[in-house]
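Q: Submitted below is the structure of interest, expressed as structure tokens.
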């Protein structure tokens with residue numbers, strides 16, 4: 001195991017040997033339902049990468065609870081349940097959603113008596129109407145397109161065991177779904193997934209990541225992420241051509257080459273720019289970096305030392 005800055009660099013084979021006591025509690029069909037459109041993951045990936053990760057999270061969860069109990073004893077007050085919040089960051093199309101859903105499923109199996117919930121920060125984007133009013137549609141996904149105050153209130157309420165609700169975002173309509181919310185109420189574990197969860201907004205005195213008990217950054221080379229982004233775009237077109245209400249319908253029934261050309265331009269002018277300027281700089285704030293190579297295979301991990 002190579003030491004690198006303030007991270008341990010751990011190759012896949014070494015990581016997979018850290019914890020082999022439990023068999024993967026998933027079937028192929030269940031795993032298929034958890035993965036995103038064009039993401040690739042196998043039961044072997046779950047066994048080699050995610051089962052050791054769940055064991056590591058269990059160590060942090062136990063430490064989290066022990067700290068809360070000890071601090072309450074020190075203060076002479078009754079111990080309160082404080083939700084454990086796990087943040088998952090990374091570029092568009094890198095596979096964050098699959099990682100988040102898979103961890104939710106595995107943690108629910110490991111902790112059958114605990115409530116494990118998941119939300120994405122997509123729901124805290126301003127609605128398209130508001131983005132247009134602010135002339136921000138071309139900046140959708142950049143820091144200024146999110147209602148960060150609302151997101152901060154949300155995670156603060158969760159930490160304080162107050163009922164909280166997260167707006168729902170639909171990739172089908174490419175907008176916030178009016179009147180729909182994900183209700184989060186007294187979870188034991190909350191997973192917060194999004195490109196912006198480790199960012200440091202310049203106009204805030206407190207950050208979303210201040211509420212995290214553990215954070216993961218899903219990483220890959222730019223060229224691979226672009227490839228996955230374009231693959232996902234084509235998959236969306238393949239599923240949208242029968243649904244006129246789908247945001248991608250006009251592109252699905254139009255000239256495919258022109259649609260792909262447009263997607264490449266969006267990648268270059270928006271997603272790649274956002275990755276380089278605002279997402280990648282947050283990588284070294286994560287507790288764990290999961291690095292992917294071809295076919296979404298995790299080939300190495302970087303675990304923060306302290």
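Note: Cβ is positioned from N, Cα and C throughout, glycine not excepted.
Look at Swiss-Prot and you will find 90, 91, 92, 93, 94, 95, 96, 97 tagged as ATP binding site, backed by sequence analysis.
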Q: Within 10 Å of its Cβ, which one of these binding-site residues (91, 97) has the largest number of other Cβ atoms?
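A: Selected residue: 91.
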Q: Tell me whether residue 91 (ATP binding site) sits in a helix, a strand or coil according to DSSP.
A: coil
Q: Residues other than 90, 91, 92, 93, 94, 95, 96, 97 within 8 Å, Cβ to Cβ centroid, of the ATP site?
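A: Here the non-site neighbours turn out to be 195, 218, 225, 228.
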Q: Run through the Cβ atoms and count how many others sit within 10 Å of the one on residue 95 (ATP binding site).
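A: A 10 Å sphere around the Cβ of residue 95 (ATP binding site) contains 25 other Cβ atoms.
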Q: What does DSSP say about residue 97 (ATP binding site): helix, strand or coil?
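A: Reduced to three states, the DSSP call for residue 97 (ATP binding site) is helix.
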Q: Restricting to the same chain and to sequence separations of six or more, state which residues have a Cβ under 8 Å from that of residue 90 (ATP binding site).
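A: Non-local contacts for residue 90 (ATP binding site): 96, 195, 217, 218, 219, 279.
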